[in-house]
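Input: a single structure, listed below in structure tokens.
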2 protein chains.
Amino acid sequence: MDTSAKLAKIRKQLHDGGYKLTPQRESTVLVLLENDKDHLSAEEIYMLVKQKSPEIGLATVYRTVEMLTELKVVDKISFNDGVARYDLRKEGAKHFHHHLLCLECGSIQEVEEDLLLEVEKTVESQFKFKVSDHRLTFHGVCKECQNKA
Amino acid sequence: MDTSAKLAKIRKQLHDGGYKLTPQRESTVLVLLENDKDHLSAEEIYMLVKQKSPEIGLATVYRTVEMLTELKVVDKISFNDGVARYDLRKEGAKHFHHHLLCLECGSIQEVEEDLLLEVEKTVESQFKFKVSDHRLTFHGVCKECQNKA
DNA sequence: TTACCTGCAAATTGTTTGCAGCCAC
DNA sequence: GTGGCTGCAAACAATTTGCAGGTAA
């Protein structure tokens, strides 16, 4: 699926939620689509949107990502560095993907395969806890940094 | 192991790291030991320490928990609510325990059993990523809230 | 004495809110 | 014209920092 198809889908999600896809919101969504391998903070999104639409305000970006989180277009995640980051949901993903955070270089790699199906079953039966989503981040050293050392 | 034995162990960890266990630090550690089932923020720790040692400053609490994190006495974790929380490492635990966050009542339950051994092996072999720790939180509905509904 | 540690207040940073104006329907 | 949306500035909240004074080895 290409960018414009993804954008059309998100436009529909907004409409279904009672929101309009204004130019500012469209610019913000496009930045997210173009940087879907990154994990941008609101401030970083703002900087990128500003390059194409210099008149946008930071508060609008915050309001937009909050709305996108509510609509489950993006997932909000924090890697313990004090800023919230926003990550596009993968196409058709039932659950949030996992992350590999390198403690050496700070890179964040994504793991789309859901490795927690068995673990979730265990949690549901052992704790009677109904799982709706998860956050899983591994801390360690990435392949590249291992080779450097 | 009782509280004073745990305290003695932590005192040693501080000394090994080149720090002293000052009265303020001791009060802070005691609050953490007495509330090891909670997930206290710096502000909450400060309030509890203040009850016994009213002269302590908030900045000292921040500096102490930062030091304890560095020494791996506690783990710092954020549940996407904008505050950092501090969780005592379990005795002998190689990895950080898991959490069940209830989206209805906000309760946080701990899962000490390490459910990720297999998953970590997969990550190590599939991505050549050397895992040193992890953060796993399930979002969902706890047993009690399911019964209420 | 010297280096570490503390409390306080000020500064910083990330995020939210109030509000007046604007725009699409 | 009404309601949603925006930018700006101010407010807020969590955390960090500068600094003068205190304290233990």
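Each residue, glycine too, has its Cβ placed from N, Cα and C.
Note that the structure is a prediction, hence the values are computed from the model and not measured.
Listed in TrEMBL:
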BINDING   B:CYS102, B:CYS105, B:CYS142, B:CYS145  Zn(2+) binding site
BINDING   B:HIS134  Fe cation binding site
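Features as recorded by TrEMBL, highlighted on the structure.
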residue  : record                 : Cβ contacts under 8 Å, 6 or more apart
B:CYS102 : Zn(2+) binding site    : B:ILE108, B:GLN109, B:GLY140, B:VAL141, B:CYS142, B:CYS145
B:CYS105 : Zn(2+) binding site    : B:CYS142, B:GLU144, B:CYS145
B:HIS134 : Fe cation binding site : B:HIS95, B:PHE96, B:LEU116, B:GLU120
What is the total of other Cβ atoms whose distance to the Cβ of B:CYS145 (Zn(2+) binding site) is within 10 Å? 17
Which ones, of the binding-site residues B:CYS105, B:HIS134, B:CYS145, are Cβ-proximal to chain A (under 8 Å)? B:HIS134
Starting from the Zn(2+) site formed by B:CYS102, B:CYS105, B:CYS142, B:CYS145, give every other residue of that chain whose CB sits within 8 Å of the mean position of their CB atoms, in sequence order. B:LEU103, B:GLU104, B:GLY106, B:SER107, B:VAL141, B:LYS143, B:GLU144, B:GLN146
